[in-house]
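Everything on this sheet refers to the single structure shown next.
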Amino acid sequence: MRLREFSLGLRQPLSTAKGDIDRREGILVAVEMGGTTGVGEATPLPGWTESLAECRDVLESVGDPQTALDDGTLDETPAARYAVSLALADATARAENRPLASTLATRSHTSLPVNATLGDAGVESTVEAAVDAVSTGFDCLKLKVGARSLDDDIDRLRAVRDAVGPDVSLRADANGAWDRWTADRFLDAVEPLNLEYLEQPLPAEELDGHAVLRRLHDTPLAIDESLAAVSPERAIASNAADVLVCKPMALGGPDRVLSVAERAHDVGVDVVVTTTIDAVVGRVGALHVAAAVPGERAHGLATASFLETDLAPDPAPVRDGSMQVPDSPGLGIDVADLLD
Ligand SMILES: O=C(O)CCC(=O)c1ccccc1C(=O)O
Ligand SMILES: [Mg+2]
């Protein structure tokens, strides 16, 4: 297994209730399978995954990648596990001459709607970014909330709804910043704005609190941080959400996301796949995973534009609010572009 470290600056930081993300550092992984190379990416995000140091340590300890995946070596380090499982899946799909998505599901999407990701900012900048996103073709916007006063966030959402009109889908993501009382007040105030959903209003462990909010308000709820904090089985069983936000980097691989999606589907809960602001391999891997998940919701994969530079040309740029799933073998990324 070959490893290559990278460090990518962001064009603009992503401001959230839990602080700014302004650089992404990670490790590119390449595996050989009977003469075919597959690639994967570990871009840890502390708070969501192991640290870069822990990720590096475990990846450097891997001898045979399939063995490491099977014997539990990678179970506590989801970013490392994503990289290894993605590289093996990429190699398998390339060897079979099929796009990765088609090896993950019998029926997969060929194109997926995606949301624009709008970080925390003042009212004017938020409206400007929202109008700009809609003008480039997005019809779903996700706004970060919870980083400023509740009244300011409510003003931001009202101003965006006014500016973009009723046909654009709006999501708000509080990254666990609120308590029950604040979340209640927010949901009361935004009721007329017809949000598609509110994501992770309460801290990750508070599944019962989310379940109560979901019963008391009409706005649908999504959970994100909760899925990494408690087992996905418990998260689904707690009736805490209408939507599960699944990050392959934080859940530990395509197989992990697909198993969560299958359980969710059985109980009528939708899945939205997102990146952790990953480089091209992690991001396009997440796109293939999203393509293999049933459902029609927009995914949180339009994050390439946050990066100043990338590791290779992007085979799936956002066009008109959608991403086309590459139909060449594996991920659809030329490995020669990635490896020295
Ligand atoms: O979902 C999106 O639109 C993009 C991904 C995103 O918001 C995100 C990116 C990095 C870390 C956390 C999150 C999050 O969804 O909370
Ligand atoms: Mg989130």
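All residue numbers here begin at 1 and follow the chain in the order shown.
From the backbone N, Cα and C atoms, a Cβ is placed for every residue, glycine too.
What TrEMBL records for this protein:
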DOMAIN    123-220  domain 'Mandelate racemase/muconate lactonizing enzyme C-terminal'
ACT_SITE  LYS144  active site, proton donor
BINDING   ASP173, GLU199, ASP224  Mg(2+) binding site
ACT_SITE  LYS247  active site, proton acceptor
REGION    313-333  region 'Disordered'
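Ligand 2 lies within reach of ASP173 from the recorded positions LYS144, ASP173, LYS247, judged by a C-beta closer than 6 angstroms to any of its atoms. With a threshold of 8 Å between CB atoms, the same-chain residues lying at least 6 positions outside the region 'Disordered' (313-333) that come near it are 38-39, 86, 90-91, 93-94, 96-101, 108-114, 116, 136-140, 280-281, 283-285, 287-288, 291, 298, 301-302, 304-305.
A straight line from the CA of GLU199 (Mg(2+) binding site) to the CA of LYS144 (active site, proton donor) spans 9 Å.
Cβ atoms within 8 Å of the centroid of the Cβ atoms of ASP173, GLU199, ASP224 (the Mg(2+) site) belong to the same-chain residues LYS142, ARG171, ALA174, ASN175, LEU198, GLN200, ALA222, ILE223, GLU225, VAL245, site residues excluded. Annotated pair ASP173 (Mg(2+) binding site) and the residue listed as 'active site, proton acceptor', C-alpha to C-alpha distance, rounded: 15 Å. ASP173, ASP224 are the recorded positions among LYS144, ASP173, GLU199, ASP224, LYS247 whose C-beta comes within less than 6 Å of an atom of ligand 1, given in sequence order. Note on the domain 'Mandelate racemase/muconate lactonizing enzyme C-terminal' (123-220): mean pLDDT across this stretch is 98. Secondary structure from DSSP puts GLU199 (Mg(2+) binding site) in a beta strand. Neighbour density at the Cβ, taken as the number of other Cβ atoms within 10 Å, is lowest among the binding-site residues ASP173, GLU199, ASP224 for ASP224. LYS247 (active site, proton acceptor) is surrounded by 28 other CB atoms, counting those within 10 A of its CB over all protein chains shown.
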